Amino acid sequence: MESKEISIRSRTPPSKLYSIQSCIGRGNFGDVYKAVDRVTQEIVAIKVVNLEHSDEDIELLAQEIFFLAELKSPLITNYIATMLEDVSMWIVMEYCGGGSCSDLLKRSYVNGLPEEKVSFIIHEVTLGLKYLHEQRKIHRDIKAANILLNEEGMVKLGDFGVSGHIRSTLKRDTFVGTPYWMAPEVVCCEVDGYNEKADIWSLGITTYELLKGLPPLSKYDPMKVMTNLPKRKPPKLQGPFSDAAKDFVAGCLVKTPADRPSAYNLLSFEFVKNITITNLKSDVDLIKQKKVQERYTKVPKYPLQNRLYKNSNTVRGKEFWNFESTRLSTTQISKEELSPITQDSPTSSLNMESPYLLHGQTVTPITNPSSSSFRKCTQPVFELDSGMDIDSGCPNAQAETEIVPLSNHNKKHKKNDIQALKIEKFDYLKNIVSHILNRMYDRARDDETRKYVNEMLKQFIKTEANVPGFNEVFIEEISLRIEAIKKGFV
């Protein structure tokens, strides 16, 4: 216990022990960074939980971390240490450089993985759950995004941010998880609570997800799914799949928890009994190559100090320029939580699902630049609704890398104490253009559309290399045009 206490209350700030490299993930419980141990040079993953914006009690978080420290299995991401710095808790874990199974679906197998690969993945996950349940612990958030791969293509269960310990009463009564993967008893918040069998239901949904590319009912709104799940019959795996795969999914998706097989019993099912492959290294290598080509990056929900964003103490996390937010809702949700759109908007593309166009809104035609080089914009600055100005390029404007404070525009906002956010060496290609096109790639309905989106990204990269600053001016002109239209200067 003493070593754990030292781990939690280390006097050395974690920022002095680890060198943060990049943000590799974000979720409701914090941001995940790739980092390097300054002493051993070991690459690790660090989940930084912003306690100021978390509803979790620090002692409860500590209890969760203590039982995570007890897990020792090659099928579970290894826990290393936990430290506190300022208002953040740093949870240091083993780094899985191969990404997640969700990455495989998004970048290589949009219509589902081959059955033999799913069989291997689920076999490893089932073994991991068997170990976890034997330790009297529940994962509570099994899905493709939380099944991680290391550099060698081996499977590991990750993201234990919402895991729970099975108490002596063998039940949990907290409402945690992701709607499409939730077991009926979790959605109902039954009086008797739920046990490790909730993970078995989620395992069945995840198997379905890996085979078909999406979880069942994903075309419906998450709240509707939660409302109707207890009343619906269990989903069935239909299509050109083996009887073994269908039997496995059906075995997991039994509504009565007591009738579901345990993880131990699932290992005797034919679907996971006769696996033919031993790793997914070739897929991991391909995904890593694609991420390099796409200049893949994540924008943290709560950026660390001295990184991309610099802010005063008065600026709260929800007021950062969040590139992953949409105009559909004021609630920020992660990319994995976005439900697919099923009905075409009158203004949407035939091949692309778009929740962004408002009713009656149309797409303006593309205009050609007057020359191959760009000059500074000399027209007045249009103030954005986000509370930030775009550099006008006028003589009295501040440096290009700084967003100037607002003056009269503050009257339109409830909070007047928000200071300007400074952006240092901002990469418009990586953080805006590439980010947008990657989202469009993920939302494309067919391979042909994805091919065109990918070609478009290549053109932006090529143009930026030949005409430095192209993407910055491009984004600036779009913003200015939108604001002009809003103000009636059509």
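In case you wondered, yes, glycine gets a Cβ from its N, Cα and C as well.
Not measured: the values here are computed from a predicted model.
The domain 'Protein kinase' annotation in Swiss-Prot covers 18-272, and the record cites sequence analysis as its basis. Over the domain 'Protein kinase' (18-272) the predicted model carries a mean pLDDT of 84.
Counting every protein chain shown, 22 other Cβ atoms lie within 10 Å of the Cβ of ARG26 (ATP binding site). According to its DSSP assignment, ARG26 (ATP binding site) is in a strand. Among the features that Swiss-Prot reports, ATP binding site is placed at ILE24, GLY25, ARG26, GLY27, ASN28, PHE29, GLY30, ASP31, VAL32, LYS47.
Per Swiss-Prot, active site, proton acceptor is recorded for ASP141, and the stated evidence type is sequence analysis. Its Cβ taken as reference, ASP141 (active site, proton acceptor) is surrounded by 21 other Cβ atoms within 10 Å in the chains shown.
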| message | Neighbour count, 10 Å Cβ-Cβ cut-off, for GLY30 (ATP binding site): what number do you get? | response | 24
| query | Counting across all protein chains shown, how many other Cβ atoms sit within 10 Å of the Cβ of ILE24 (ATP binding site)? | reply | 20
| message | Under 8 Å between C-beta atoms and at least six apart in sequence, can you list the same-chain neighbours of VAL32 (ATP binding site), or say none if there are none? | response | CYS23, ILE24, GLY25, ARG26, ALA45, ILE46, LYS47, VAL48
| note | The correct three-state DSSP answer for ASP141 (active site, proton acceptor) is coil
